[in-house]
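Quick look at what Swiss-Prot lists:
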- H224: active site (ACT_SITE)
- K226: active site (ACT_SITE)
- D231: active site (ACT_SITE)
- H404: active site (ACT_SITE)
- K406: active site (ACT_SITE)
- D411: active site (ACT_SITE)
- 219-246: domain 'PLD phosphodiesterase 1' (DOMAIN)
- 399-426: domain 'PLD phosphodiesterase 2' (DOMAIN)
- 3-23: transmembrane segment (TRANSMEM)
- 38-58: transmembrane segment (TRANSMEM)
Amino acid sequence: MTTFYTVVSWLVILGYWVLIAGVTLRILMKRRAVPSAMAWLLIIYILPLVGIIAYLSVGELHLGKRRAERARAMWPSTAKWLNDLKACKHIFAQENSSVASSLFKLCERRQGIAGVKGNQLQLLTDSDDVMQALIRDIQLARHNIEMVFYIWQPGGMADQVAESLMAAARRDIHCRLMLDSAGSVAFFRSPWAAMMRNAGIEVVEALKVNLMRVFLRRMDLRQHRKMVMIDNYIAYTGSMNMVDPRFFKQDAGVGQWVDLMARMEGPVATAMGIVYSCDWEIETGKRILPPPPDVNIMPFEQASGHTIHTIASGPGFPEDLIHQALLTATYAAREYLIMTTPYFVPSDDLLHAICTAAQRGVDVSIILPRKNDSLLVGWASRAFFSELLAAGVKIYQFEGGLLHTKSVLVDGELSLVGTVNLDMRSLWLNFEITLVIDDTGFGADLAAVQDDYISRSRLLDARLWVKRPLWQRITERLFYFFSPLL
């Protein structure tokens with residue numbers, strides 16, 4: 001019996017080390033950033049069982065077998081749709097400003113289509129204004145409404161949007177609603193999901209959280225887009241979830257969330273529609289390719305509106321494109337660069353690009369919330385401040401709530417707005433969307449919004465920053481080491 005237990009013990013020990021060696025080899029064989037690989041190896045060697053389980057759960061990008069098959073199956077028809085769209089030459093911009101030219105070329109080469117012109121844009125910075133505009137557009141809808149949000153939190157004006165959407169469905173408007181399973185857990189536990197389905201709305205719970213399938217698909221891969229398309233002509237996107245900030249996370253101690261949304265009319269709705277079509281097919285298996293732009297209702301003269309490129313990210317979309325776009329925009333800056341983000345955990349390449357811009361004389365400003373709803377990201381962000389300040393970057397800490405806006409403005413002409421945070425999760429993992437706008441008028445509007453944020457912020461003093469307590473520095477470095485995993 002003693003011999004039996006000895007053999008079993010040795011087999012367990014052998015299996016244990018074989019498992020660690022196997023996972024280590026897999027990490028080394030994967031083409032990932034060195035900091036990310038080192039962080040995973042550290043976790044595995046310090047806490048082997050926890051580290052191995054964590055890596056197998058969230059260490060690699062697994063969309064899931066069924067969704068991966070759907071993603072592969074949809075691309076031939078999607079590619080044909082994109083190719084057919086090129087015949088509508090009147091919607092595509094032929095030239096761009098000098099500051100935007102490189103970025104638009106990058107997007108065209110990687111996504112297969114050029115930026116679209118003739119769009120009308122309106123920036124909305126107040127949640128009530130966003131929801132009131134959305135309700136009006138829903139009430140005037142004639143054919144179809146598609147929505148996707150990371151969070152739908154019942155309460156306040158969000159309920160009024162829900163009521164208007166159900167009323168639209170009852171008058172035979174085709175309504176589709178896709179919500180992330182994790183972000184909208186409160187919605188799916190409420191009566192609203194059943195009420196909407198009973199009204200005729202197609203409600204889809206995207207990327208369902210299922211602990212039984214934790215090793216088959218990444219549970220932290222989330223549908224983070226916020227988009228609305230109405231009649232293939234009107235579109236919304238930006239940082240705002242379908243929540244009333246007066247009722248959302250009031251116990252988090254960070255104040256009301258501050259967001260920015262763009263309301264658009266024009267062919268950009270078609271570009272966003274194909275993104276929604278891909279998401280819908282990956283999640284449901286149903287194909288809903290949008291119709292081509294209607295030349296009878298859309299103006300396409302270059303001078304009549306804004307030129308926009310839509311960048312979509314996530315499994316099945318051009319890999320690393322949003323990261324490349326941010327790098328390209330940063331290196332294109334000649335006069336000034338302003339960034340706003342709630343979560344700042346940049347890649348080494350993006351951090352280097354930002355610091356280099358400041359060191360070559362560009363006026364670089366980053367606006368972050370002073371209080372963050374994520375303790376981990378809040379501390380990790382602080383670990384980058386010393387390097388940024390040393391390079392001459394101005395860091396503004398917003399004090400008017402949790403600044404949730406994601407925006408970049410380059411030289412007053414090139415703008416990026418959407419759902420992408422400047423962190424690893426947004427850059428390489430989640431389903432995200434960003435608008436790239438080449439227009440001085442829109443740039444002036446965005447600059448006014450950012451100036452308002454700065455007026456409600458405190459400029460971080462580099463001299464005081466270096467005097468912060470030692471325990472804060474140690475905590476920052478600890479979270480910095482794990483920043484590639486956040």
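Heads up, the Cβ atoms here are built off N, Cα and C, so glycines get one too.
Keep in mind that this is a model prediction, so the values were computed, not measured.
Sequence features, as recorded in Swiss-Prot, placed on the structure.
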| residue | record | CB count, 10 Å |
| --- | --- | --- |
| H224 | active site | 25 |
| K226 | active site | 23 |
| D231 | active site | 17 |
| H404 | active site | 24 |
| K406 | active site | 24 |
| D411 | active site | 20 |
Go ahead and report the DSSP secondary structure tallies for the domain 'PLD phosphodiesterase 1' (219-246): helix first, then strand, then coil.
0 helix, 11 strand, 17 coil
With DSSP assignments reduced to helix, strand and coil, which class does H404 (active site) get?
coil
When secondary structure is assigned with DSSP, how many helix, strand and coil residues does the domain 'PLD phosphodiesterase 2' (399-426) contain?
3 helix, 12 strand, 13 coil
H224 (active site) versus D231 (active site) - Cα distance in angstrom
23
Whole-Å Cα distance, H404 (active site) to H224 (active site), is 13
